[in-house]
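For reference, the structure discussed in these notes is given below.
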Amino acid sequence: MRVLSSVPEHRASPRPLAATGLFLAAIIAGGATGTWWPGIADRLGGAVDHLVMLLVAVIFFTLPSGGLLDRRRVPRIAFLAVAMNFLLIPVVAFALTSVLIPDDALRVGILIYCLAPCTDWFLGFTRMAGGDTAAGSALIPVQLVLQLALYPVWLGVFAGHQVVNTVSAAGPALIIWFVMPAVLAVALRGALRLVAPRSTRGRVVDAADGAVPVILAALIVCLFAANVGTILSDPSAFGRVLLVVFLFFVVVYVVGEAIARGFGLSHPEHALLTMTTSARNAPLMLAVTTIALPDHPAIAAAIVIGMMVEFPHLTALTHLLATHRHRGHAHGAVATRPGRCRDRWQRSITGAVSG
């Protein structure tokens with residue numbers, strides 16, 4: 001049973017090399033701005049919230065109106081994503097930090113960073129990698145509620161910190177970053193459906209869809225510009241956090257690949273699983289942690305450093321997944337021709353024999 005009966009939309013993903021080059025240029029530009037022009041970097045940092053809101057709004061605006069969200073398949077990918085994010089990943093994060101990070105504050109910061117799956121920009125990278133953004137959007141409220149409910153539990157179990165009022169601390173950020181842009185985007189899409197013909201709607205949605213990589217690149221520039229000073233202020237802490245977060249991403253990627261193969265996931269499901277288990281919710285966790293655990297700058301620094309490592313990783317994953325998808329389409333197109341020729345040949349032989 002499918003959600004709606006409209007014809008599915010098929011939009012081409014950007015070429016992998018173009019997207020990768022754009023994101024790498026954004027990382028370099030943001031890092032250089034934060035290093036040499038801190039005044040400009042401060043102003044760019046003020047644009048982060050607006051860009052996150054814009055990205056969420058554009059992703060929700062471009063979601064297919066029907067035909068792509070199969071209710072029989074969503075429970076499987078949702079189960080796998082939630083199981084990885086809230087069962088397997090906590091074990092991986094705790095094992096790595098326990099062995100490699102002796103400093104309590106850095107360890108807590110890395111744990112907070114690793115344990116919270118992203119609820120906003122992962123959809124942008126999922127879209128760029130050819131993943132299922134419709135199922136990804138359905139995952140957001142589930143993972144959002146779980147990570148906020150488990151935040152005090154994780155801190156109590158793994159770090160011995162007692163925290164309360166997590167949801168109230170995160171409430172304003174959730175409304176600004178997620179609820180408002182999502183509702184506005186859905187309303188605009190509905191209004192467009194009422195007033196514009198199908199061809200016009202298609203052009204508007206395609207234009208918005210094409211803006212996703214540009215918005216992501218702008219977000220990367222602003223985040224790196226605003227936070228590169230944290231890395232420069234404590235290089236030794238950056239080195240330790242870099243090592244653990246890098247190993248964390250490697251282990252999670254390997255486990256995700258094994259699960260994708262074991263369950264025979266399609267490319268859209270595979271890309272979604274990879275992105276939702278790789279992208280972390282650093283901005284929200286940073287906001288919650290500064291309220292729940294004040295006067296702990298090292299914890300906040302670890303979260304920020306983790307976020308800085310994340311974007312090159314997501315860029316690499318986007319390139320790998322998008323390249324794999326393009327190659328798969330090319331092989332499929334080539335393989336179709338011999339198959340058709342073989343079918344015609346078999347039919348001609350059968351006709352000759354029967355004649």
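Quick reminder: no glycine exception, Cβ is built from N, Cα and C everywhere.
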Open item on the list: Please identify the range among 21-39, 287-305 that TrEMBL labels transmembrane segment.
Closed with: 21-39
Task: Proximity verdict for the transmembrane segment (21-39) and the transmembrane segment (105-123), three or more C-beta pairs under 8 Å - done: no
Open item on the list: Within this structure, do the transmembrane segment (204-226) and the transmembrane segment (77-99) have 3 or more Cβ pairs under 8 angstroms, counting pairs 6 or more apart in sequence?
Closed with: no
